[in-house]
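According to TrEMBL, the features are:
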type	residues	note
DOMAIN	4-323	domain 'FAD/NAD(P)-binding'
DISULFID	C42-C47	disulfide bond
BINDING	K51, G115, D308, M314, L315, A316, H317	FAD binding site
BINDING	G176, A177, G178, V179, I180, G181, L182, E183, E199, G268	NAD(+) binding site
DOMAIN	342-451	domain 'Pyridine nucleotide-disulphide oxidoreductase dimerisation'
ACT_SITE	H440	active site, proton acceptor
Amino acid sequence: MADYDVIVIGSGPGGYVCAIRCAQLGLKTACVEARDTLGGTCLNIGCIPSKALLHATEMLHEAEHNFAEMGLKGKSPSVDWKQMLAYKDKTISQNTGGIEFLFKKNKIDWLKGWGSIPEAGKVKVGDETHNARHIVIASGSEPSALKGVEVDEKTVVTSTGALELGKVPRKMVVIGAGVIGLELGSVYRRLGAEVTVVEFLDQITPTMDGEVAKQFKRMLGKQGFEFVLGAAVQSVETKGGKATVHYKLRKDDSDASLEADTVLVSTGRRPFTDKLGLDALGVELERGMIKTDDHFRTNVAGIYAIGDAIKGPMLAHKAEDEGMACAEGIAGQHPHVNYGVIPSVIYTHPEVAAVGFTEEELKEQGRAYKVGKFPFMGNARAKANFAGEGFVKLLADAETDRILGAHIIGPMAGDLIHEICVAMEFGAAAEDIARTCHAHPTYSEAVREAALACGDGAIHV
Ligand code: FAD
Ligand code: NAI
C-alpha cells in the first residue's frame, strides 16, 4: 500500500499524458493499467497499428501505380503479410516502450492490474489498496455491439481483430462507413481484397462536411470500394470460416445479403467503465459516459474522468488535451480545452481533415459565411507528386472574415489542418493566412490560396 497525490486509472493517451503532467507538476503519481503494455487503445490496438498498416500499404500503392511513370521501373513488391504484421508490432512496441521510459523518467509508478475504486480516496489493484488524494478515470472505450452480429475476432472482427488477420481476405464486408471502416477497409483494399461497405445512413462519414464527404466517396469508389448505403444490417451468419451479411435496404425494406471471408464491424465505440465499481460509488453516468463538469470533476469529490470515457469526440488528441488540463487543474492551475478547435483526420489516401464548423452546421445556425476553395490541381507540388485530387475549403464569417472552419481532402491534409487550427486559436481572419508568405512549392500553398479565395481571389485557378 502506498499514498499518492494522484492515481490515474488507464494508460491511454488521456491517462499517460495526465500522469506525466501530474508528475511534472510535483505530484506523487501512479498509473494503473491492466494491459501488458502501456499506451491504451491508441498505441496497442488503435491509432498506431492502424497507421503502420496504412503506411505500408500506401507504399505498395505508390510502387504499383506511380513508380513506373517516374522512371522507377522493375517488378512491383510482393506482399509478405507476416512481415507486414511484424513491422506493425515493432511499431507498437517501440511506442509502448517509449511510454514506459517516460514513466520511469518522471518517477510514475505503474500499478499493474485492474483498478477499482472501493471508496473515494482509495484505488484497489489486485490485493493492494492505495490511497490517493485525487483519482482520475481514463478507462477509455470499446467497440459498440451490433444487434444480430456476434464478433469472434476471426471471421467477424472489430478493429482489434482486423489489425491481425491470419491472411488477407479475398472479400471483406465493412459494416459502418465511419473512420475505422474506411481506414482499415483501405488497408485491405490496397492489399487486393474486394471491399464492400454497408452503411445505415445515405452518406459515408455522416458528420463530415457534405461536399467533402461526396468527393471522398468518389475517390474511394475509384480505388475500388463498393458502397451499399441506407442499409440496416440484420444479422451475420458464419459457417466454415465464411460469413453472410444480411441487410435490409431502408428505402423499400427489401432484403439482400453479401458473402465475405471477413466482416469488419465498425459502427462506433462506447465508453468502457466496467470493473471500476462506479455504481457502488454513486458516480453518475449519462448515456454510458461518465458525467463531468468543465473541470473533469465527477459528482464524487476527488474523482475525475477524461478521454473516451466522457463526452466529446473519441480522439487521442482530445484525450491528451483533457489529461493535461485535468492534471493542471488538480495542481491548482486554470487550464482550458478549446473544444471548438479540435481537428479530426482520416488517414486514408488522400487524407481528410477538418476543424471547426461544417457548411451544413453554419447553414443550420443561419450564420452568414463565405467559402474559399482551392483545388490541389492548382498546386505545383501536388501535381508533381500524383496528389492533385481534392481541395482545401475554408469557411469564414461573411462580415468579419474570421475563420469558422476548414475542410481539406488531399495530400497531407492531417498536417495542413494545423495551420488553420493555430489561426483559429488566435481568432484570425482568412486574410491573415492569405497575407502570410508560404514557401513554394509546398502543399501549404493550397491553404493560402483557399484563404485568398475568401477575399479577392486565388491566383492559380
Ligand atoms: P484508451 O486509449 O482506450 O485507454 C484506456 C486504457 O485503460 C486501456 O489500456 C485499458 O486497458 C485501461 N483500463 C480501463 N479500465 C481499467 C481498469 N479498471 N484498470 C486498469 N486499466 C484499465 N484517435 C485519433 O485521434 N487518431 C487516430 O488515428 C485514431 N485511430 C484509431 C484507430 C482505431 C482502430 C481505434 C480503435 C481507435 C482510434 N483512435 C484514434 C481513437 C483513440 O484510440 C482513442 O480516442 C484514445 O485511445 C482514447 O484514449 P483514452 O486515454 O481515453 O483511452
Ligand atoms: P464512427 O462513428 O466513425 O462510424 C460509425 C459508422 O457506422 C457511421 O457512419 C454510422 O452511421 C454507421 N452505423 C452505425 N450503426 C450502423 C448499423 N447498424 N449498420 C450500418 N452502419 C451503421 O465509428 P467507428 O468507425 O467505429 O470509429 C469509432 C471511433 O474511433 C471514431 O468515432 C473515432 O472517434 C475513433 N477513431 C478515430 C480515428 C482517427 O481519428 N483517424 C481512426 C479510427 C477510429
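Cβ coordinates are placed from backbone N, Cα and C, and glycine is handled just like the others.
Note: TrEMBL annotation is automatic and uncurated.
In three-state terms derived from DSSP, C47 (disulfide bond) belongs to a helical segment. Note on the recorded positions C42, M314: the fewest other CB atoms within 10 A surround the CB of M314. Of the listed recorded positions C47, L182, the Cβ environment within 10 Å is emptiest of other Cβ atoms at C47.
Across the domain 'Pyridine nucleotide-disulphide oxidoreductase dimerisation' (342-451), the DSSP tally of helix, strand and coil residues reads 41 helix, 33 strand, 36 coil. Checking the recorded positions L182, E199, H440 against ligand 1, not one has its Cβ under 6 Å from it. Across the binding-site residues listed here (G115, G176, G178), the residue whose Cβ sits among the most other Cβ atoms within 10 Å is G115. Distance from the CA of C42 (disulfide bond) to the CA of L182 (NAD(+) binding site) is 17 Å. Closeness to ligand 2 is met by G176, G178, M314, these being the recorded positions among C42, G176, G178, D308, M314 whose Cβ falls under 6 Å from the molecule. Rounded to a whole value, the Cα-Cα separation of C47 (disulfide bond) and L315 (FAD binding site) is 9 Å.
Maximum C-alpha to C-alpha distance over the listed NAD(+)-binding residues G176, A177, G178, V179, I180, G181, L182, E183, E199, G268 is 15 Å. For A316 (FAD binding site), applying a Cβ distance below 8 Å and a minimum sequence separation of six or more within one chain yields G12, P13, C42, G46, C47. Once Cβ contacts within 10 Å are tallied over all protein chains shown, the binding-site residues E199, D308 are led by D308.
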